[in-house]
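A.B. asks: The structure that follows is given in the form of structure tokens.
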Amino acid sequence: MCGIWALFGSDEGLPAQCLSAMRIAHRGPDAFRFENVRGFTNCCFGFHRLAVVDPVSGMQPLRLQKFPSLWLCYNGEIYNHRQLQKHFGFEYQTQVDGEILLHLYNRGGIEQMAPMLDGVFAFILLDTANRKVFLGRDTFGVRPLFRVLTDEGFLAVCSEAKGLVDLKHPTAPHLQIDPFPPGHYEVLDLKTSGKVASVEMVKFHSCKDPPLHTLYDPLEKLSSGFDLEVVKGNIRLLFDHAVRKRLMTDRRIGCLLSGGLDSSLVAATLLKQLKEVEVSYPLQTFAIGMEDSPDLLAARKVAAHIGSEHHEVLFSSEEGIQTLDEVIFSLETYDITTVRASVGMYLVSKYIRKNTDSVVVFSGEGSDELTQGYIYFHQAPSAEDAQEESERLLKELYLFDVLRADRTTAAHGLELRVPFLDHRFTSYYLSLPPELRIPKNGVEKHLLREAFQDSSLLPKDILWRPKEAFSDGIASIKKSWFTILQEHIEHQVSDSLLENAAKRFPLNTPKTKEGYYYRQIFERHYPGRADWLTHYWMPKWIEAADPSARTLAHYKSAAKE
């Protein structure tokens with residue numbers, strides 16, 4: 001996890017522009033570098049490093065003696081870099097996983113390089129010999145990337161939008177900042193002036209497509225067919241492989257643990273594999289919540305079952321409310337459910353950074369979208385509708401859950417790893433018949449639970465624990481986190497302000513006082529940037545005025561039982 005930043009064709013002095021790069025320093029607390037591109041006085045790279053792999057020779061922009069015209073600035077992890085290096089016989093100059101991008105590009109160009117990468121990444125690749133700039137981002141947008149491109153050819157790129165908002169440009173005082181689309185790469189021509197022109201934007205991978213890099217995967221061939229036992233075996237095999245490949249690091253590994261199905265499966269599998277490779281430290285697991293939180297109780301049970309070194313982080317409603325401003329600044333969004341869920345993750349990440357030496361942190365993000373874990377999936381009109389919704393949620397992860405997970409951990413210099421979003425695991429799961437993946441017997445994620453039913457990874461009551469949204473599970477069952485927030489905000493936003501919300505906020509007009517309150521904070525940090533959020537996250541197929549699962553009829557009936 002690092003922070004990358006680059007400018008091409010800046011008409012303003014680079015020393016002043018480079019100050020913007022310091023706004024993402026939290027992403028790389030170990031080292032930083034600015035470097036001008038020789039021959040292009042108005043082009044430069046900025047890099048903030050979190051040293052996770054090869055602490056000695058991993059500074060960027062990465063350049064190799066063998067390819068003197070290539071410059072690479074990237075944020076991510078390429079899990080199959082050793083397999084590709086061995087298969088093609090590449091001679092490495094460093095131990096950095098990202099070096100594989102330069103070798104692959106030199107061998108077959110960007111069109112062959114991008115689909116070969118098994119991992120999470122955002123990159124800026126410059127080829128001065130051919131005067132090309134390439135931008136790219138992983139399938140689900142696990143690693144963030146934003147860009148500015150003006151009509152005159154000024155290009156600015158950064159891991160977070162906050163690193164671009166203060167840039168100066170003579171003809172556009174308010175630069176348009178857009179998230180780079182996941183699963184795409186862009187080709188741009190580099191002119192002698194240092195300015196660029198976009199040539200094409202190419203989608204190189206979709207979550208449904210079997211990835212090209214499967215050809216070089218050491219995992220044995222999966223059993224074919226849709227017999228339930230075959231499917232369950234394949235799910236276990238692919239999930240185990242997804243966790244195993246993510247052990248690649250020179251830093252200590254930890255795991256977020258809410259006590260829900262997803263994080264519990266990750267933690268249990270992770271601990272088993274760390275024992276197999278005989279790491280020199282116990283796995284640290286981290287749970288957060290208020291007193292009497294369901295998540296704390298469930299996480300405690302999981303930690304005792306798997307034998308992790310467990311940490312519980314308690315926070316009060318006052319502490320959570322006071323953190324909202326920092327959280328919204330870090331997130332760069334005002335989406336209601338994202339803000340709610342981010343408070344706990346932000347505070348637990350802060351604890352990890354301050355009190356432990358765990359730097360690489362595993363979590364269960366992506367499972368709800370992939371395995372139809374949200375409670376509203378019980379109301380899907382058909383299995384095909386549920387499939388379509390699942391795919392939509394996966395495509396929008398970079399706007400919501402993945403955004404939350406990245407910003408809240410990166411704010412404290414941690415690197416997040418999400419095995420449920422493994423390319424092979426997701427493409428296989430999405431290839432299964434729609435009727436296999438829907439909720440069954442009143443239980444969401446039934447297939448995933450059933451796949452691990454006969455293993456001893458988890459206690460059975462945890463394996464079959466009903467869905468509890470993270471933002472709800474951290475609070476007491478008696479009073480949800482969203483209720484605490486709304487009671488506080490009731491006195492912060494007047495009725496008249498909400499009645500006139502459409503005049504002040506015509507785009508994504510807030511309908512509730514909570515939404516208004518978050519929007520106020522967002523506008524204070526990022527005035528005029530409301531278009532960074534295309535729409536609010538809300539459940540489908542039901543009449544819902546609030547995104548919380550605890551407001552849904554299915555949750556209420558399950559809670560009574």
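All positions are counted from 1 along the displayed chain.
Quick reminder: no glycine exception, Cβ is built from N, Cα and C everywhere.
Marked as domain 'Glutamine amidotransferase type-2' by TrEMBL: 2-191. What TrEMBL lists as active site, for GATase activity is Cys2. The annotation L-glutamine binding site is assigned in TrEMBL to Asp97. Summarising the annotation, TrEMBL assigns ATP binding site to Leu256, Ile288, Ser363, Gly364. Annotation comment: TrEMBL describes Glu365 as site 'Important for beta-aspartyl-AMP intermediate formation'.
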A.B. asks: What's the CA-CA gap between Ser363 (ATP binding site) and the residue listed as 'active site, for GATase activity' in angstrom, rounded?
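C.D. replies: Cα to Cα, Ser363 (ATP binding site) and the residue listed as 'active site, for GATase activity' are separated by 18 Å.
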A.B. asks: Nearest to Cys2 (active site, for GATase activity) by Cα distance: which of the recorded positions Asp97, Leu256, Ile288, Gly364, Glu365 is it?
C.D. replies: Asp97
A.B. asks: Looking at the binding-site residues Asp97, Leu256, Ile288, whose Cα is closest in space to that of Glu365 (site 'Important for beta-aspartyl-AMP intermediate formation')?
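C.D. replies: Nearest in space to Glu365 (site 'Important for beta-aspartyl-AMP intermediate formation'), counting only the binding-site residues, is Leu256.
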A.B. asks: Whole-number Å distance between the CA of the residue listed as 'L-glutamine binding site' and the CA of Ile288 (ATP binding site)?
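C.D. replies: Each residue's Cα considered, the residue listed as 'L-glutamine binding site' and Ile288 (ATP binding site) end up 33 Å apart.
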A.B. asks: Tell me which residues of the chain lie with their Cβ under 8 angstroms from that of Gly364 (ATP binding site), as long as they are six or more apart in sequence?
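C.D. replies: Set apart from Gly364 (ATP binding site) by at least 6 residues yet with Cβ under 8 Å, we have Leu256, Ser258, Gly260, Leu261, Asp262, Ser263, Ser264, Leu265, Val266, Val418, Phe420.
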A.B. asks: List, in sequence order, the same-chain residues at least six positions removed whose CB sits under 8 Å from that of Ile288 (ATP binding site)?
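C.D. replies: Sequence-distant Cβ neighbours: Asp295, Leu296, Glu312, Val313, Leu314, Phe315, Gly344, Met345, Leu347, Val348, Tyr351, Ile474.
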A.B. asks: Just to be sure I understand the packing, how many Cβ atoms besides its own are within 10 Å of the Cβ of the residue listed as 'active site, for GATase activity'?
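C.D. replies: I get 27 for this one.
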A.B. asks: Report the largest Cα to Cα distance, in Å and rounded to a whole number, among the residues Leu256, Ile288, Ser363, Gly364 that the record lists as binding ATP.
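C.D. replies: For the residues that bind ATP, the greatest Cα distance is 15 Å.
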